[in-house]
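These notes concern the structure reproduced below.
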Amino acid sequence: MASGQFYLSCLVLGSLGSMCILFTVYWMQYWRGGFAWDGSVHMFNWHPVLMVSGMVVLYGAASLVYRLPQSWVGPKLPWKLLHAALHLIAFILTVVGLVAVFQFHNHSNIAHLYSLHSWLGITTVILFACQWSLGFAIFLLPWASLWLRSLLKPIHVFFGAAILCLSVASVISGINEKLFFSLKNATKPYASLPSEAVFANCTGLLVVAFGLLVLYVLLASSWKRPEPGILTDRQPLLHDGE
């Protein structure tokens, strides 16, 4: 029963994550003129798409690798590699998204990192880079002792969830900032709630729903990987160890 609920949650997460990306792409394509890589505002449009795809959707999926029941039995190394690889892809998408916005700012003579959104976003990316580097060095490479891994594991788990929360907050503030900058003319002010504002706000709500569901799955004790040597009705073969 618990396994069925987990896979149902994964199905909902997959649907929400896909909708987050598709809604962002549609917003940038339909209302903001599409995509380019030439320093123009159309280059900026890659920024929200890549940040939502990398820092929220793919990051959330990578965080749930150890919740898969298949990861509870047998060697843990393949799941560590998958966990690290998905996060690395998410980080690469994030870096490309940052390049897009910085190149646009350079091309348009716009100051860098002056808004709360930019401060929050760059802090999240820096924490993500530190988190991935520490995780790779401590939990994937074989040199770290068991006591060091045990000491750092709760910190690693905490910052994993914290970075997801910061990513969602960055996206929400970015959506709001984009709407304030774009919908400021007299005919379609943001306060009149034109169709673009409604659509973008709904996209933000989808991102929040995705993030909350990821956190719920992460915190649900019945879906956590059992510790080695602990037998449960969900893992009859755990005596084989990691």
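Glycine is treated like the rest: Cβ placed from N, Cα and C.
Per TrEMBL, the feature domain 'Cytochrome b561' maps to 12-219.
TrEMBL lists 7-28 (among others) with the feature transmembrane segment.
As annotated by TrEMBL, transmembrane segment applies to 48-69 (among others). Tertiary neighbourhood of the transmembrane segment (48-69): same-chain residues 3, 6, 10, 13, 17, 20-21, 24-25, 27-28, 35, 79, 82-83, 86-87, 89-94, 96-97, 100, 121, 124-125, 128, 160-161, 163-164, 167-168, 170-171, 174-175, 178, 207, 210-211, 214, 217-218, 223-225, 234-235, selected by CB-CB distance under 8 Å and a gap of 6+ residues from either end.
Sequence annotations record features per position, and here TrEMBL assigns transmembrane segment to 81-104 (among others).
Annotation comment: TrEMBL describes 116-143 (among others) as transmembrane segment. Long-range contacts of the transmembrane segment (116-143) within its own chain (CB-CB distance under 8 A, at least 6 residues past either end) are made by residues 51, 55, 59, 80-81, 84, 87-88, 90-91, 94-95, 98, 149, 152-153, 156, 159-160, 162-163, 166-167, 169-170, 173-174, 176-177.
For the transmembrane segment (155-175), same-chain residues at least 6 beyond its ends with a Cβ under 8 Å from one of its own Cβ atoms are 48, 51-52, 55-56, 59-60, 63, 116-117, 120-121, 123-124, 127-128, 131, 134-135, 138-139, 200-201, 203-204, 207-208, 210-211, 214-215, 218-219. Positions annotated as transmembrane segment by TrEMBL: 155-175 (among others).
The transmembrane segment annotation in TrEMBL covers 198-219 (among others).
The average pLDDT computed for the domain 'Cytochrome b561' (12-219) is 95.
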